[in-house]
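Data block below; observations after.
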Amino acid sequence: MGSSSFLVLMVSLALVTLVAAEGVKGGIEKAGVCPADNIRCFKSDPPQCHTDQDCLGERKCCYLHCGFKCVIPVKKLEEGGNKDEDVSGPCPEPGWEAKSPGSSSTGCPQK
């Protein structure tokens, strides 16, 4: 096999790999916008999802409160949806929005 044939083969394999990887990670994005996340994290939580397709119903995979989670998109909440969030622990003081590992400040009012 000549060097030009080998080069064509390698480029072809690279293109096929890129197209296949894009198809796997792509998928159909669900409607709505992810909520704003103003929390600074000391450590990221393990992801609960990787794409919108990992989430049930209308929920989207969004980075929120230190990790990727399935959440109801902002547009859906404005239309009367339910946050359906578990809130444990007090909300941080205004101006300090850091989340330490193991704590949860979801559902706290935004400024």
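Along the chain as shown, residues are numbered 1 onward.
The backbone N, Cα and C atoms fix where each Cβ goes, glycine too.
These numbers come from a predicted model, not from an experiment.
What Swiss-Prot annotates here:
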type	residues	note
COMPBIAS	101-111	compositional bias 'Polar residues'
DISULFID	Cys34-Cys62	disulfide bond
DISULFID	Cys41-Cys66	disulfide bond
DISULFID	Cys49-Cys61	disulfide bond
DISULFID	Cys55-Cys70	disulfide bond
DOMAIN	27-74	domain 'WAP'
SIGNAL	1-23	signal peptide
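All features noted in Swiss-Prot, drawn onto the structure.
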residue : record         : DSSP (3 states)
Cys34   : disulfide bond : coil
Cys41   : disulfide bond : strand
Cys49   : disulfide bond : coil
Cys55   : disulfide bond : coil
Cys61   : disulfide bond : strand
Cys66   : disulfide bond : coil
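Over the domain 'WAP' (27-74), the average per-residue pLDDT in this prediction is 92. For the pair formed by Cys41 (disulfide bond) and Cys62 (disulfide bond), distance between Cα atoms is given as 15 Å, rounded to the nearest Å. For the disulfide-bonded residues shown (Cys55, Cys62, Cys66, Cys70), fewest C-beta neighbours within 10 angstroms: Cys70. Within 10 Å of Cys34 (disulfide bond), as judged by C-alpha distances, the disulfide-bonded residues found are Cys61; the full candidate list was Cys49, Cys55, Cys61, Cys66. Applying an 8 A CB threshold to same-chain residues 6+ apart, the list for Cys49 (disulfide bond) reads Cys55, Cys61, Phe68, Lys69, Cys70. The number of other CB atoms found within 10 A of the CB of Cys34 (disulfide bond), across every protein chain shown, is 16. The highest number of surrounding Cβ atoms within 10 Å, among the disulfide-bonded residues Cys41, Cys61, is found at Cys61.
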